[in-house]
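Q: Sending over a structure as structure tokens; questions will come in a sec.
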């Protein structure tokens, strides 16, 4: 869709200034496109294959990745990583891309990062880059030895292995030293250096065969990643003597220690052997050591222990000789929970009551730690019970839960009717004992009867209210607790538990929500009562809530004098029967016939300038009222600014510039025809009216206008408002500014976003006349900046020592987002003008190169301007055109000449969109190649 539509309008905005606004339109709807570039502390960026790049960075440095996007409407950008999200929220930069920034990156954060750009047009664009985090840990050196008999001789051969292990990326190089001397396997038959199999991390072993006196020495393992990312080498040293031995330890306590809550515990880990002296550490599983724990040398002190302090405590002794010595202690803190009982009638007779002449079992259980240390004692009418023919004590009943004690009454007689007591305790412990009494008589035990009160089978409650579900034991002795659960297997109770115990059978629910609705089961507990078939009942909970409507809010645009239909759909409602439907406009009730409560609420009317506004449909049932809200208007949608490329900034006569504002109109056919736009300069409140001259905006068609007479270096907030015959739309705003990054005199310490190349030999220096070294070389370098002022700054390379011939310094410009929109004469690329001033005075001047670095799948540097040798005592200007194929940087490369009188300087660098203006200059000649360029 290539046709351009032109319209020009000249407006006088004040007495003495007339501004011409030229309007143009072209079709533009472009899917998202994305590209990843970096601006952080990269060590290296290289191509892995045709679709992905590898970004190398040192652990602890700052990772900065930028996703440069194209497309209209403006794409939305998000970064993700293979394992999930890499950014918490969207961030905007000056070129409207998402920046991913990770301060102090760690090795676990390496991996593949994805940039996804989507604007709803076509398929989303996705690009990836692999981040490789480089690191080098301090190595760990351990010593191992073997002693074996040698047949046919009367001596033992002792072999020592020095094992050096390190974690690194990239793989490390190992160097072994004895004292300060390098160990070379080829020159010493008594050593062997090899890499073992199946080891974690990178490992090199130094084997000392049949130890000799000279082998008792200091050994150093040095590891290196060859200065990748400027990571320095690391080393570890171990002194091997004839006293070197592995550690041995013993504990002051047994493997298992059982204590009461509140006691202090001392665990001592005594070192019995080992040289060098081992280091003792304490740890705990599961979890860390308690906050109250104190470690004093080999002793661990736990004050006033609680059940939360229980666990396995591990003592380790390490001296890097042999394997670490380890001992474990299981610390058990006594606890005792609720004591429960069960009455089991004769199970062989399938009985549910106590009957004379039949067996009866009484069981007693307490949840305790340690469970097997609980002691149970049974009493009958206060007297201890001993085993007899009619009373049988079971210390651990195999038919019950582990840790349950039972008393069996055989062939029950009247003499067995009594009060039985079960007492549980820890012998020798300060934990209080627990006791439960069970009265066995003909009238004291009967099966329970479970009942739901009349009308309680269905409990109705409004959402966010409180409810009580009741299930009572109306008969039976003793009366057991009631257990509540959901009938649906996968549903939990509101508390998050599967079962909730209620002593009185009343389940109280607060702040009820609709997801609590359903059927609840109540059951008699199998404890603290008869151990018989469980009684159960069900209660239905019905949660009522107001109607759920769609839409909750809708913005509706329409042309005036057309019919509008508002529809409010009821998705769900409890109760389902509606009680009322009412329509309101701007808060006022709309009088209309009573709508059919069984039909979808609907309102039809003709939209006019007088009835624009907010419409509400209020739908009610007995639980409450819900509302659909419609914002109905003939107001046009807002415009959408076009941000894809840096807008052309053109310097006019004087200290002015112009700006090319671009936008599209969102859904222009939804409302009355748009006849023009109003552009408001918020700084001086000037308004410019743009008449479309009958050319109605089309969806996806780009509209452009030039704003003139803007003052450098002022910024302006510009508001754009669409206008129809009856209405005006809401404004959108953006900031227009003249960027000093396009013309840089290096006056600010931030040097306009320029940066030093980390891969060169030395750096450019910022300087002015006042900061010059008085002992500098007198016959080279400028006296002042290009403007001739002593205060003005410039950038230069210092050719004095320690610089040598051929040393290079590179200065990088900020990244420019050049895009492949249509350039002049169908070239397909946008032209830029690069201009700058240079100073090359001195008999030893080397070379000044200007390179174009294009960021694509692989960064490519190409020389676009070069000059060598002495060029006279004055500043000279050079300028030339470039047409980059994508995002780019300009690189100024200074090359040191034969000696110290070779300072090179640059100043007033300008990189602007559009071709350079010819200024009666002669094209510069370039040695070894001819390039398009000019100079003064």
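Keep in mind that glycine also has a Cβ here, set from the backbone N, Cα and C atoms.
I grabbed these lines from TrEMBL:
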- 1-20: signal peptide (SIGNAL)
- 31-132: domain 'Ig-like' (DOMAIN)
- 139-237: domain 'Ig-like' (DOMAIN)
- 246-330: domain 'Ig-like' (DOMAIN)
- 345-439: domain 'Ig-like' (DOMAIN)
- 447-540: domain 'Ig-like' (DOMAIN)
- 546-633: domain 'Ig-like' (DOMAIN)
- 742-918: domain 'MAM' (DOMAIN)
- 765-789: region 'Disordered' (REGION)
- 765-782: compositional bias 'Polar residues' (COMPBIAS)
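Are these features on the surface or tucked inside, and what are their neighbours?
A: The average pLDDT the prediction assigns to the domain 'Ig-like' (139-237) is 86.
Within its own chain, the compositional bias 'Polar residues' (765-782) is flanked in space by residues 746, 749, 751, 789-800, 839, 841-845, 875, 900-903, 905, which lie at least six positions past its ends and keep a Cβ under 8 Å from the stretch.
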Q: Take the C-beta pairs under 8 A between the domain 'Ig-like' (447-540) and each of 139-237, 345-439, 546-633, 742-918. Which stretch has the highest count?
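A: Of the candidates 139-237, 345-439, 546-633, 742-918, 345-439 scores highest.
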Q: Would you mind splitting the domain 'Ig-like' (345-439) into helix, strand and coil residue counts from DSSP?
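A: When I sort the residues of the domain 'Ig-like' (345-439) into the three classes, I find 9 helix, 43 strand, 43 coil.
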